[in-house]
């Protein structure tokens with residue numbers, strides 16, 4: 001990490017499709033960082049072929065000490081993969097709909113707040129999960145959750161926001177379950193007829209719904225949820241339990257693992273951090289403890305990651321307003 005008495009070199013990895021006016025966005029970000037005494041960042045644009053991993057890796061090689069990920073969940077996940085295991089910190093400037101990492105860690109969707117959080121230099125080490133050669137900071141999944149993402153159009157997300165995922169989910173409530181085996185840390189496999197298997201580093205879904213109450217981003221564990229609803233009534237009962245936060249969710253089993261191996265009887269849609277990956281019949285995830293530095297809106301040892309987000313947003317708004325006036 002950088003010394004406290006000097007400003008760090010930074011880079012911005014931006015998905016240009018997610019930003020309405022890229023020139024204005026660059027002007028505001030450059031101005032806000034300049035006002036905070038930071039040198040001008042290096043800018044990298046994502047492409048269809050490379051959603052951000054290569055750009056973030058290039059930024060690390062060029063000497064960046066903070067990388068701003070500006071885009072949707074796919075951009076953030078790509079940057080997480082590039083930065084995990086390095087001393088380079090990730091700062092999130094959410095631009096897409098959903099932004100699961102931001103929602104789980106109290107990071108505001110406000111541009112100014114994202115900049116202010118980085119400038120204040122509050123940082124925390126997080127665990128990441130690994131599937132194949134990709135990292136995830138929030139959640140991996142196989143089955144219904146990925147089907148929901150696949151059925152949710154970008155147009156609907158832009159129009160109504162995160163409730164668009166409910167529309168996508170409704171299309172698959174009556175789909176048949178998959179036969180899965182779930183092996184936890186090499187133990188004998190559990191066999192279930194499941195609709196979805198989720199592997200979580202943190203516990204919140206879209207809309208702030210807390211699915212896994214014990215999932216923490218720095219506890220060295222993955223939380224595995226096996227969902228086995230059979231009817232629409234089962235789904236409604238699960239949803240009601242989550243909304244009421246009763247603690248016990250029907251038709252859901254939860255396990256903890258450092259490595260989890262999931263195998264299905266047929267190819268299933270799969271996702272990492274809300275971004276679809278190639279369908280497959282299996283998914284193996286492992287935990288990499290404390291491997292990612294993340295800029296957060298309060299000191300590292302604060303028990304509630306989200307508590308200071310509002311204050312950071314207010315300070316960030318002033319920072320952006322000053323940059324726009326210049």
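Each residue's number is its place along the chain shown, starting with 1.
Every residue gets a Cβ built from N, Cα and C, even glycine.
In TrEMBL, the feature region 'Disordered' is placed on 298-326, out of the ranges 269-297, 298-326. The average pLDDT computed for the domain 'DAGKc' (5-135) is 92.
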